[in-house]
């Protein structure tokens, strides 16, 4: 489907425009309250090391689908400057920490940046401080006959798919290893500040390019019954959820819903929605908001030398969508 066609497709719900919905559509997507501006401001200020927001936050409305109990969308939850800091923490600091696994570690030897300074919110240990194609930064394949070396541009633009945070499910043992890798403390504070009922211990950062998608799947490995918070920054995406059986009837009849998720939105899943089939069907190119599109240019706290290095990567987030699912592992 073309980008222009998405704007008029009544089967794709853009909850940022709920005031334009028909009465039937509004009955499908019902108000489930809001996260108050005061809570958002407090959580974001702590996340930013005590720095208050430059502009007042607004209440973030929550909408829940009538036919998918537990599927909630929180519109515009993260303020713009928090989105920039959120992206910087993930893609500078956490990506440069080898204890957080990425999809390329099994196949390539990766020369990670040196450890950061001890100063909080200083992003001086980033892959984005390197040149795009310097020979000394090449990712070397562990089996040269099967893989070609990757320069930094190929790594960050086309091959990087995911990054783990905190404890991760081990498929061979079908269990989580307790306290294997700590979940980022500041992100934990942000999530719990916004959703006091969630104490995140595990997360997955998915990095989507213009043609990337996540196929239909279910979170069947989960042990904890707590809710999940899934944050989006960057370009818009189409999130799909489905339930029922192909030949089912009544409550078991097949149902599907498609949602346009925008930068700063959060999908909150609880109850039956935690175990439903879902997918990220596509990323919509050229929809990243202007305040984030030039990132890593604009990284908070960057020195003049760092900003000069970041300019070589100007526009990276304008081509990307990042989704971060934060979950509690242990009840």
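Keep in mind that glycine also has a Cβ here, set from the backbone N, Cα and C atoms.
When pLDDT is averaged over the domain 'Alpha-ketoglutarate-dependent dioxygenase AlkB-like' (146-327), the result is 90. Under the heading domain 'Alpha-ketoglutarate-dependent dioxygenase AlkB-like', TrEMBL lists 146-327.
Taken residue by residue with DSSP, residue 217 (Fe cation binding site) is part of a strand. Within the same chain, residues at least 6 positions away in sequence whose Cβ sits under 8 Å from that of residue 217 (Fe cation binding site) are 277, 278, 279. The feature Fe cation binding site is assigned by TrEMBL to 217, 219, 278.
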>> If I restrict to non-local contacts, at least six residues apart, and a C-beta distance under 8 angstroms, what lies near residue 219 (Fe cation binding site) in its own chain?
In response: 228, 274, 275
>> Among all protein chains shown, how many Cβ atoms are found within 10 Å of the Cβ of residue 278 (Fe cation binding site), not counting that one?
In response: 24
